[in-house]
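These notes concern the structure reproduced below.
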């Protein structure tokens, strides 16, 4: 709020400062460490006692004198010693990127000695490489541009990042735009060196990158790393390759496509100098994947691991950071490797025990539907022939991507079953199993993590109901109401199927009325059927379905239990070839349901219903509540036969 005052963000416990505006305070943290904001006079201004801010403009002096007042006295000293002083005191228009005093102090004794010896010519050349023969302000320092230095016109690389940080050959700009009578001074945090090698030449001359050198040659990436561009190579050292199991490494090195994916996964599409990373960033690789680049204190991290061993080796076409762990992308992994490293590791063991490992490690194009570990929290099921066949039906022929799946799509499994795809607003499901995480695409196979073991359909809705003794009364009712053909035909039904227990739970009079009126019975049964498939994974809060009777059905999820019209479901996701069945221990009633016939005893149509039910379930006949009904039915049957 005062004139000519600049904010300075200081990293607590260090001498590091970041001159920033309020939009670039980085949440007051640098690489996870807290900072404090202080205020200083902006370059070229000073305080006046009794006045706010820094109202007094300092008189301009030449570059040599300016170096002494901006924290670069060592650069000033070496300018004098190397006979550069007359040039930067005299007329002209120059820009100097002046290393701070701390930058000079951080040089090794050997490096510093090589600069100041040899009649100071090396020191003069080094300083002139920090200079440009024109005035260049911060606004002129555009990202990805180069400036010709005053030493043999060798280029200086400039990068201006979205977070406001500016680098000069990967040295961070500390204090910018200090005007002088003959130019401008920018203070940087490193002594920069000339750069003449490409990334490829760095690989070829570095002994610790011997394995990488061979891999690059085998994948024909030499020309890319020699060409003009702006790349960041995360160069795996020999040590990084040695950490990988020999079998895995040989497989990748022997597979040109996997090898190229591996190497391109280590190449970022832009230059990322270490000093620009002050928080987590997601960077895109040449392969098209992303890496999380971050920092923790003084260490750079990749995907949260501090594995960068040597940083900021500058090349003419980018920068190289040495890494001591190999970053294997999903596209170079087998299904087995993908599953082992994710939340479906127990599935990996399950398939291995079933003798199906070859499908997860070979070159067969498949998609694995792998249940998440929570499915097996009580242990892995016993493996027999039926279970092995079920697991085969979790392996789909062809390598799929979930983003290309569509509603109603049919998938063929290695177990010769046909699975259906259901697309919902909040989920994507294959039969009763819904995808629980983003799919991982490996070299030959794709991994779909699913929320449960899937159950492939074994027959139509009527086939499934007939095969389950719990639904014998319902089957008889469906047949009597003339709905058998409907539920046998191809379709997309959701059936809320009342169990025998549900029918027994009805009041006696209501049961008699229902079973004695074929039309009302059909109406009630249609109210239990919707003409679209809804599996439980598609239900989050509330879903409304239109029943075949016409009224709405409300399906909801409460405490991980599906409810239909507020009635809890006994079992979900009983899959059929033409729909899905939910077992229900109650009979649903439409709101506007009105019996068309009245009487204490069931009408004649009920005779046939219970006759069929009797054949399907003797248990129903022995039930005490149904016994009087059966007695009256038998008596009526005798009268009719007479």
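A Cβ is built for glycine as well, from the same backbone N, Cα and C atoms used for every other residue.
In TrEMBL, annotation is done automatically, which means it is predicted and not curated.
Here is what TrEMBL records for this protein:
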type   : residues : note
DOMAIN : 2-56     : domain 'EMI'
DOMAIN : 60-192   : domain 'FAS1'
DOMAIN : 196-327  : domain 'FAS1'
DOMAIN : 331-454  : domain 'FAS1'
DOMAIN : 458-588  : domain 'FAS1'
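Regional average pLDDT for the domain 'FAS1' (331-454) in the model is 94. Counted with DSSP, the domain 'FAS1' (60-192) comes out as 49 helix, 37 strand, 47 coil. DSSP states for the domain 'FAS1' (196-327), grouped as helix (H, G, I), strand (E, B) and coil, give 49 helix, 39 strand, 44 coil. Taking DSSP states H, G and I as helix and E and B as strand, the domain 'FAS1' (458-588) has 50 helix, 41 strand, 40 coil. In the domain 'FAS1' (331-454), the DSSP tally of helix, strand and coil residues is 36 helix, 33 strand, 55 coil.
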